[in-house]
Amino acid sequence: MAAAAGGAGAAPALWSEVNRSGQNGDFGRALKSVNKLLQIDKDDVTALHCKVVCLIQNGSFKEALSVIHTHTKVLTSDSITFEKAYCEYRLNRIENALKTIQSASQQTDKLKELHGQVLYRLERYDDCLAVYRDLIRNSQDDYEEERKTNLSAVVAAQSTWEKVEPEDLGLQEATYELCYNAACALIGQGRLNEAMENLQKAEDLCRQSLSEDSDVTEEDIEAELAIIHGQMAYIMQLQGRTEDALQLYNQIIKLKPTDVGLIAVIANNIITINKDQNVFDSKKKVKLTNADGVEHKLSKKQLQAIEFNKALLAMYTNQADQCRKLSASLQSQNPEHLLPVLIQAAQLCREKQHAKAIELLQDFAEQSPADSAQIKLTMAQLKIAQGSVTKACIILRSIEELKHKPGMVSALVTMYSHEEDIDSAIEVFTQAIQWYQEYQPKSPVHLSLIREAANFKLKYGRKKEAISDLEELWKQNPKDIHTLAQLISAYSLVDPEKAKVLSKHLPSSDTMSLKVDVDALENSPGATYVRKKGGKLTGENQQKEQGQGDVKKKRRKKKGKLPKNYDPKVTPDPERWLPMRERSYYRGRKKGKKKDQIGKGTQGATTAGTSELDASKTASSPPTSPRPGSSTAMSSATTSNMIPPRHQKPAGAAATKKKQQQKKKKGGKGGW
């Protein structure tokens, strides 16, 4: 009893300590005091409630939830509903939190706030929007700005993920959070330039608001701006400015922001830019998308896109088993989604298994009629890749909702023309024209198809078949001379009389003639060639020609260089431009002559033949070269009448023998 009395006497002091610690924000100290109170009375409802609050404030959500579950008899659901739901929400048990909130007998304002957060995480945006509207309408406190921010976030999510046209809620973009959410809503609508302006405004407001706090550093500001810059880079990527986007993405990653969801999105976007290039970098970025807690930070569609890109990366890196495993898992999780099937088909095509790919697509088309059009387009593409153009045309014509579209008609006509199947191409035109005649008569697309069909038939000589199309076009526009001319040309081979009748509708030649001054056109600066008429120039024209001659200086021709030994008195060899072998006086080389002269030099035995070759022993032969000491002979020799050797034609056997002893190149060019 003494102990109990002593404990009861200490309770007021402990409650004072709990109150003082709670006001100071020291919940750890408050928790110690609460535990002492529970030692005095373990079923004290107020102490248990305070303990749960202290644990929540310290981030111990599991312990707080354990206390609630342990003392369910004492802690009634109405008294502890908010704390229980909040713990479940923070532990990512979102469905349990929703059930706890809905089980409450009375919906307080703080429960409504939490209810809105839970609905947002469950991506039930319509219900969430209704909750926040009710809160803003019926509450007056200091948290109105936060509620408006959450409301704008819901609108942005609807625009982005559900492609819902957002309504104007009249929210003033006074904070950077509101500007950011408005930019996200604009991105969902495809208004990228306006979204970029809002993001720039959000950046300015963020810098301005954070710079007012002296404790905030530049690194803190950049970390807060990371999500805004990430959205800017995403807009750049959508606009095709991939280099700028990639640079900004990498700058954000270098900051190492604490938001794992932001890092995962940026890493995924870099992978999409890399595609099948820079695979090593993509493999490193994939690790960033696998961080703990990412699945609780991103929406279902964001997580789905990341998984799809992982499967595509496995395909690009030739990890066939990994690609099949990921795509099969995605298909089981999203049986209605088309992309996993397309990834599997693409992987089979990379393995040259086109037949299996087409079979896979065919099975999915039967199971999912809503995606049959896309599946059949893919199948047709595979058939074209295999060279089966006709089979591809059959598949394309089986797409009922697309076969009358101008793009489909153009593709089919081009493919049939390639296969030289003109009848099938005309049939495609006819079916499309009939569809528009029934549902959209005289629309621009209808008339355009009729004209293209007529031109196609005329091109391939089907003038009889083109007449009806041309008549329809002419009825729609009787002033169209081009169509009338085509119609007359077509009738000229089928019904000449009809062609004559129609030709009366053509305008006269006078109305069609162009008033053009031919002389002025020929003398204009634009004319590149003017044909001159024969005859003498008159006085004025002659003066003009002389005047033009004064202005335009004649270009002087440079004289060609002459050889150093050129003699103008000697007629050059007319065959000097021909190779030596092709000249008329070429005798060819005589083989075997040198063998007879071997050993007959000064070191060999002398014979009678050597004396004949000695010109000094012949009295009548003049000296052919100066002898030592005979300088007068050189001075008395006249050089004016000498003919250079290269100007002389070879004459006699002596010249031929001399040429035989010289080494000549084959096919050499003769000189002067």
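Any Cβ shown, glycine's included, is placed from N, Cα and C.
Per TrEMBL, the features are:
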type: COMPBIAS; residues: 552-562; note: compositional bias 'Basic residues'
type: COMPBIAS; residues: 564-585; note: compositional bias 'Basic and acidic residues'
type: COMPBIAS; residues: 599-640; note: compositional bias 'Low complexity'
type: COMPBIAS; residues: 656-672; note: compositional bias 'Basic residues'
type: DOMAIN; residues: 532-588; note: domain 'Signal recognition particle SRP72 subunit RNA-binding'
type: REGION; residues: 526-672; note: region 'Disordered'
type: REPEAT; residues: 226-259; note: repeat 'TPR'
> Going along the chain, which residues at least six beyond the ends of the repeat 'TPR' (226-259) come within the CB cut-off of under 8 Å?
Replying inline: 176, 180, 183-184, 187, 192, 195-196, 199-200, 202-203, 206, 219, 265-267, 269-270, 272-273, 288, 297
> For the compositional bias 'Basic and acidic residues' (564-585), what are the DSSP-based totals of helix, strand and coil residues?
Replying inline: 3 helix, 1 strand, 18 coil
> For the repeat 'TPR' (226-259), what are the DSSP-based totals of helix, strand and coil residues?
Replying inline: 27 helix, 0 strand, 7 coil
